[in-house]
């Protein structure tokens, strides 16, 4: 379930409206041996700008839900306006699931008095018998260990030092979280155009396409059938396959060896099968972009082989012409 809600927005629409406008025009008539100027009333077509109100439908998360991350395809994270305390977890909108020993809307109530033989340090809180709940940056039985102090170097780009190593935020890597991850190359998150940014990425659609609320998908403008960009990608790949099959058609069969043709048609058939398999399972795959990237690489490899075969045919043709010119028999 994506938990997306539709919202109808009004927007102005500008159009032209035809109207007949009365206009006085001068003209000349013959008066004896002279011409006299007269005026007559005529009606001319004029266009005026008219503003009407139209509507469009947009989608956003339903109340009480939000996205887990920028890569999410739906709104599956519940929202609790007040935070869940004492290790509680927000499981439904405005509903906290409490750990054993706690209760209340925010898990703020302790069902029994917890006692710790040794006091909790650095702001830690005794939550159960002998167990301290430590503040962020501290660990240990009594919260006595300062985790941040254990790193000999500072963590960059919002990274956190944990047990001597930097835990990097999403979008960064490296010993100190100093390197930005290029999601566009490694993850292929966008349907069409991907721009890498510092710690993240930004998706963009080609002309005549609109970026969808998930920030990744592209849909063709004014398309009632909902043809998405990934469907057009398959159409483009099908055309490339057809081009390869035409190149290796009947007109060239006698110019190259049977083994070359057999290998080429075998590769083309494999690619065609890949296209069919991908189309059948695309709606059930969350990682279809990665499969599509692998498929494109395979297709590029086949195209390079086709170019080599084409070069072979050109060389063969030149050799045959040369033999014919010298009246020789070429084998």
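Using N, Cα and C of the backbone, Cβ positions are placed for all residues, glycine too.
Ranges compared are 213-267, 268-322, and TrEMBL records coiled coil for 268-322. When the CA atoms are compared, no disulfide-bonded residues among the candidates 98, 107, 134 lie within 10 A of residue 116 (disulfide bond). Non-local contacts of residue 168 (disulfide bond) by the CB criterion (under 8 A, 6+ apart in sequence, same chain) comprise 155, 157, 159, 174, 177.
When the disulfide-bonded residues 80, 90, 126, 143, 151 are ranked by how far their Cα is from the Cα of residue 98 (disulfide bond), 90 comes first. Within its own chain, the domain 'EGF-like' (112-144) has Cβ neighbours under 8 Å at 86-87, 99, 101-102, counting only residues six or more beyond its boundaries. Tertiary proximity for the domain 'EGF-like' (147-178) is limited to same-chain residues at least six positions away from its ends with a CB under 8 Å from its CB atoms, namely 69, 137-139, 198-200.
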